Amino acid sequence: MGFWILAILTILMYSTAAKFSKQSWGLENEALIVRCPRQGKPSYTVDWYYSQTNKSIPTQERNRVFASGQLLKFLPAAVADSGIYTCIVRSPTFNRTGYANVTIYKKQSDCNVPDYLMYSTVSGSEKNSKIYCPTIDLYNWTAPLEWFKNCQALQGSRYRAHKSFLVIDNVMTEDAGDYTCKFIHNENGANYSVTATRSFTVKDEQGFSLFPVIGAPAQNEIKEVEIGKNANLTCSACFGKGTQFLAAVLWQLNGTKITDFGEPRIQQEEGQNQSFSNGLACLDMVLRIADVKEEDLLLQYDCLALNLHGLRRHTVRLSRKNPIDHHSIYCIIAVCSVFLMLINVLVIILKMFWIEATLLWRDIAKPYKTRNDGKLYDAYVVYPRNYKSSTDGASRVEHFVHQILPDVLENKCGYTLCIYGRDMLPGEDVVTAVETNIRKSRRHIFILTPQITHNKEFAYEQEVALHCALIQNDAKVILIEMEALSELDMLQAEALQDSLQHLMKVQGTIKWREDHIANKRSLNSKFWKHVRYQMPVPSKIPRKASSLTPLAAQKQ
């Protein structure tokens, strides 16, 4: 009797000790934090002792091994730290004792992690594949949390690392293996690495069956068919996950099996087609109706799905599909085609006669426009002086600038030009006057000839005018080419300023050819249309037009 009592007491003592004892392990040179198996309020005092020597564990954080309340910290751990540690939770009314069995192992030279270093195995499936990092909640760590499988870093969009766990999308059997999490523990500014490994297994979700769910057709669906054409009806139903037994789909006509209905035109396919929808096993059955007739519209078509849970029925009826009015469609297409053709023709015509249309619109809508932009002139003419004189003693360029240009633009169109030599006051500083007049002009007309590359006055006016147009965006430039620069000297155009060359390439030039213009002062010529198009809207009535009124009065 005494022997049995002793045995029972021994078992109770062992089970009690085991209940309040915890196994912990780690690797050398890594951080290890152990929690006391006996829990208590945060205000309770917890004393730690090394059981073999009954020596108290210090609480000073400068020590490599120190106690911090319910936690025992090894920063870092050493193999010699292995042993049993005692923690005593002290309260005003009781004391509770717990034991922590700590084992520190040497780091493995190879990639294999022995079983005694593995944490509990977790399993996952296609819908649940979380792998938690063991004991991470005990540490003061920050992201990132690194994950490895069989010592290989995980890569790919299938692996998603969350705060303390790993999620694997579309889990497969090949995903089973040993997964290691690695993070950094921070203690008073010092960093210590921590690793933990656990196995992950993939399990197949158990199959299940459910009451049939018909995906198609919808209940009381009306399907439109064309008389004389073939029609197909599909009955599709799902029965659960995994292999399904005693599941079937079929069609009935007016409550009768297809084979018993006796209409050879209406037949269902031999066998059932298996498919999967959202992981569920489904069966499909197609009913084929050849040469649809009027009497087929009066029949009731039933899609039946049945298994061990029961029978579900969806009813379908046929209706005549309104014939397509091809004549109306052809008319609509024809009208749209004609409309698009007209638009294209109008666009082409407008593009061809855009300048004429713009000038006509100016004459009709706003023939004259007063501006308060601080400008005095509509255009400043930049041209080379001292040009080679013709046989009659007058320069062709100066004749064009001083005679033809003012006669057309000022007398016939109502513009105000500023021309060097004509609009300069006697005794006025030339440089100041040129710069002021250029800035007070809305357009800058450049007369381009081979002479411009050797003319200093032209170079200065060109620089000021281009600065206003390109840098200050205060005016626009009109380029008139009196002689093709490439005809006399291929290097002439290359000698121009880069900005002027850029304008010539971007907007082009208006070419004046005396030999090609019959009436040099006709507003209907192509040359003057392009010049007027690039000029602003006139601000006053042309001189010749305004002089007609007093002349007419005198005749009366």
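Glycine residues also receive a Cβ, built from the backbone N, Cα and C atoms like all the rest.
Annotation in Swiss-Prot places Cys111 in a disulphide bond whose other cysteine, of Cys87, Cys133, Cys151, is Cys151. Candidates considered were Cys238, Cys303; the recorded disulfide partner of Cys282 in Swiss-Prot is Cys238. For Cys235, the disulfide partner named by Swiss-Prot from the candidate list Cys181, Cys303 is Cys303. Taking Cβ-Cβ distances under 8 Å and a sequence separation of 6 or more, the neighbours of Cys235 (disulfide bond) in its chain are Ile214, Ala216, Pro217, Val249, Leu250, Trp251, Asp284, Met285, Val286, Leu287, Cys303, Leu304, Ala305, His314.
As a whole-number mean, the pLDDT of the domain 'Ig-like C2-type 2' (114-197) in this prediction is 87. In three-state terms derived from DSSP, Glu461 (active site) belongs to a helical segment. Within the group of glycosylation sites (Asn101, Asn254, Asn273), the Cβ with the highest number of other Cβ atoms inside 10 Å belongs to Asn101. Of all the recorded positions listed here (Cys151, Asn232, Asn254), Cys151 has the Cα closest to the Cα of Asn191 (N-linked glycosylation site). A simple way to gauge crowding: the CB of Asn191 (N-linked glycosylation site) has 11 other CB atoms within 10 angstroms, across all the protein chains here.
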